[in-house]
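Below you'll find the structure, written out as structure tokens, and then a few comments.
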Amino acid sequence: MAAYVSPCLTPPDSRVLTVLRKSVLPDHHLGTRVGCLRMSEGTTKRYRVVASHKYESSSIRNSLNSHSTSHFQSQDSFLNLHPEISMLNPRKETSSVPITEDLDELSTPNTYNEARIKVIGVGGGGSNAVNRMIESEMIGVEFWIVNTDIQAMRISPVFPDNRLQIGKELTRGLGAGGNPEIGMNAATESKEAIQEALYGSDMVFVTAGMGGGTGTGGAPIIAGVAKAMGILTVGIVTTPFSFEGRRRALQAQEGIAALRDNVDTLIVIPNDKLLAAVSQSTPVTEAFNLADDILRQGVRGISDIITIPGLVNVDFADVRAIMANAGSSLMGIGTATGKTRARDAALNAIQSPLLDIGIERATGIVWNITGGSDLTLFEVNAAAEVIYDLVDPTANLIFGAVVDPSYSGQISITLIATGFKRQEEGEGRPLQATQADASMGATRRPSSSFTEGSSIEIPEFLKKKGRSRYPRL
């Protein structure tokens, strides 16, 4: 387990540790130094605080403004006025049990300044994706499902208070029957309840499987409410498989067009592209599960960048700067092991099923590399070389790095490409890959002239132009 120990400050007469979820940080108005330990145990456990000193339980409960005789008070009036002096002296303890408190027990959402992220699964497809996120033990986000089908909602692992039935009068809990207009009217009927569910959010993911009734019609309404409230709103949706029929495909395109006008950033994942990653004998149910899992990866790729403390942190303000009013965006997630794992992970991210076309036209890129304690500067450099060699030199780039002991032996890279909105408007059409573009995007690979000992300075990477690209490996 990796640990990072940093000096923190705490009021000399309070003996209170201030705990934040993302890391252990000091109260900024304080005076005496104590040791604060930050530990990462992967994405399934929160950070914990372990006090290296042993205290009497009564001393922890002492109030900041308490005037009663405390463990640190003395017969000396000077020491009573200045208890920090006596705190510096060693003393005997009545308890030998170290204080180990779980962050979930010590913290509440109002005790620290942290971006509040909500994932709203709309309709059957969106709800299934949220269910899968919960099963994968995602942390740092709040899950909601919104549906017209009350029966489907009852079997979800989402907390009952976070299940929002819309259109009670219109549908009577029986669903939208695959009609997007009913889904839209149901969401409109329940706008006040939607606003209450979104209240207090800094960022909202609206996820759905497009082509049906509730998700296709309701997602644009829900996203519009969120954006009108000033919340950073990201839509991440799938398009139907070809075998689902032409009607659902057409409904999906109409729903996507409506959603695009009501979000800051829209990521569309074509389900048909996932078929290339599975065998011909794959059952239909497994194909849909794969689509749900891609939605999960997309949401987690962004939320992890914000919620997991990093070696080089990418905070919410960074992500907002890239994704606010960005229009159509692309995302890639790549993981690799072995001697060339950094370069391979970067290539896998660029060629991810989440990427509909290449990232060369993006005006904003945020990418994050996660590795174990064995992650080296050489590997960070190699991954950066692949990415910066491909993107536009004028693009706004934000980079983050996270060391997570659970990633020992492997590297994962998440890449978000934004800023296609300007090109869309200039060309008078939405960002979509042609058949040729999609084929090229699936096979091309950027070159890398990385050599051992070269600098990790970003400007050096951005100067590299005009080289031969996309050689087949």
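The count begins at 1 with the first shown residue.
Cβ coordinates come from backbone N, Cα and C, glycine included.
Summary of the site annotation: Swiss-Prot records GTP binding at G124, G125, G126, S127, N128, G213, T214, G215, E244, R248. Screening the candidates D161, D272, D292 against this entry identifies D292 as the one listed for that site. In Swiss-Prot, the annotation phosphothreonine falls on T282, out of T10, T282. Listed ranges 72-103, 424-455; the one Swiss-Prot annotates as region 'Disordered' is 424-455. Using a 10 Å radius centred on the Cβ of T214 (GTP binding site) and all shown protein chains, the other Cβ atoms total 34. On the backbone, the CA of G126 (GTP binding site) and the CA of T282 (phosphothreonine) stand 22 Å apart.
D292 (GTP binding site) is 15 Å away from T282 (phosphothreonine) when you measure Cα to Cα. In this record, GTP is bound by G124, G125, G126, S127, N128, G213, T214, G215, E244, R248, D292; the longest C-alpha to C-alpha distance in that set is 19 Å.
Comparing the binding-site residues G124, G126 by how many other C-beta atoms lie within 10 angstroms of each C-beta, the top residue is G126.
Each of the recorded positions N128, T282 was ranked by the number of other C-beta atoms within 10 Å, and first place falls to N128. For the recorded site, E244 (GTP binding site), the DSSP three-state label reads helix.
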